[in-house]
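Undergrad: Before I ask anything, let me first share the structure, which is written out below as structure tokens.
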Amino acid sequence: MSTALSTHSVHSHNFLGAAHDANAKRTLWVVTLTVVMMVGEIAAGYITGSMALLADGFHMATHAGALGIAAAAYAFARKHSQSPAYSFGTGKVGDLGGFASALILGLISLGIGVESVIRLFEPSQVQFTMAILIAVIGLIVNIVSALLLSGGGHDHGHSHDHHAHGHAHGQDNNLRSAYVHVLADAVTSVMAIVALLAGRFLGWVWLDPLMGIVGALVIARWAWSLIKDTAAVLLDKTDEHVAEEIRALLDQASRLQITDLHVWRVGPQARAAIVS
């Protein structure tokens, strides 16, 4: 005999979480802001002939693509939330989007790292005034984006193993992926501003690629943390203490002996269980 349990009605397959629609709107606003900034930089680059503007514009295109994945995941999950084709709803679509975004973030960190190492050994001429202006504008955009995404249940791109159940298993990993992309871009902007100012006024041209390497390592760490957390959800991994808590609750509510228990996450703050 098997019984399926969840925190929702047995007739509902909607496991999207109470903040789903609000988080979707936040993400869509950030996508729009990023795309506008990207188009503006690319257009200005072509008009002025600035390779720095073009490079940063196309760099923002990768973030816009990743944020677009997050927005698409929200839309898909909402559209099919009641579809009988998805036996346990579409609550994990956000985790799939977060996983894809984390992979893109990892590739971005790799690209930044490789380019920084090359420039460390083969320095190129830097147009400091233009580059500083671009970095400042990018930082402003990222601060606004971070404010738009704040309050939606992210954890700044990291988790703590000793209480991971309070973060990785109850948060919206799709929003978290969007926030990490914005945060990563903000960190690189701050590092770039510091390095460019040092290069402009102190002649420390070596600091720019060095900051790039440090930034790449930080971003790679965030990407890896996000990959681990989203992959765990997609592979139905459940912490042992969660299963034990559910087993204890079932023991209190029923006199039947439980011989087998399977628990997995079906959405932010929602789990399902098969008990026999």
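If you go along the chain as it appears here, the first residue is 1 and each next one adds 1.
Each Cβ is built from the backbone N, Cα and C atoms, and glycine gets one as well.
Summarising the annotation, TrEMBL assigns domain 'Cation efflux protein transmembrane' to 31-235. Marked as transmembrane segment by TrEMBL: 28-48, 60-77, 98-121, 127-149, 178-198, 204-224.
Relative to the rest of the structure, where do these features sit?
TA: Beyond the ends of the transmembrane segment (28-48), by six or more residues, the same chain brings 54-58, 60-61, 63-64, 67-68, 70-71, 74, 134, 137-138, 141, 144-145, 148-149, 178, 182 to within a C-beta distance below 8 angstroms of the stretch.
Packing against the transmembrane segment (178-198) from elsewhere in the chain are residues 26-27, 30, 60, 63, 66-67, 70, 101-102, 105, 108-109, 112, 126, 128, 131-132, 135-136, 138-139, 142-143, 145-146, 149-150, 152, 154, 156-157, 204, 207-208, 210-212, 214-215, 218-219, 222-223, 226: each is 6 or more residues past its ends and has a CB under 8 Å from a CB in it.
Panel annotation: around the transmembrane segment (204-224), residues 102-103, 105-106, 108-110, 112-113, 115-120, 123, 126, 157-158, 180, 183-184, 187-188, 191-192, 194-196, 198 of the same chain, lying at least six beyond its termini, place a Cβ under 8 Å from a Cβ of the stretch.
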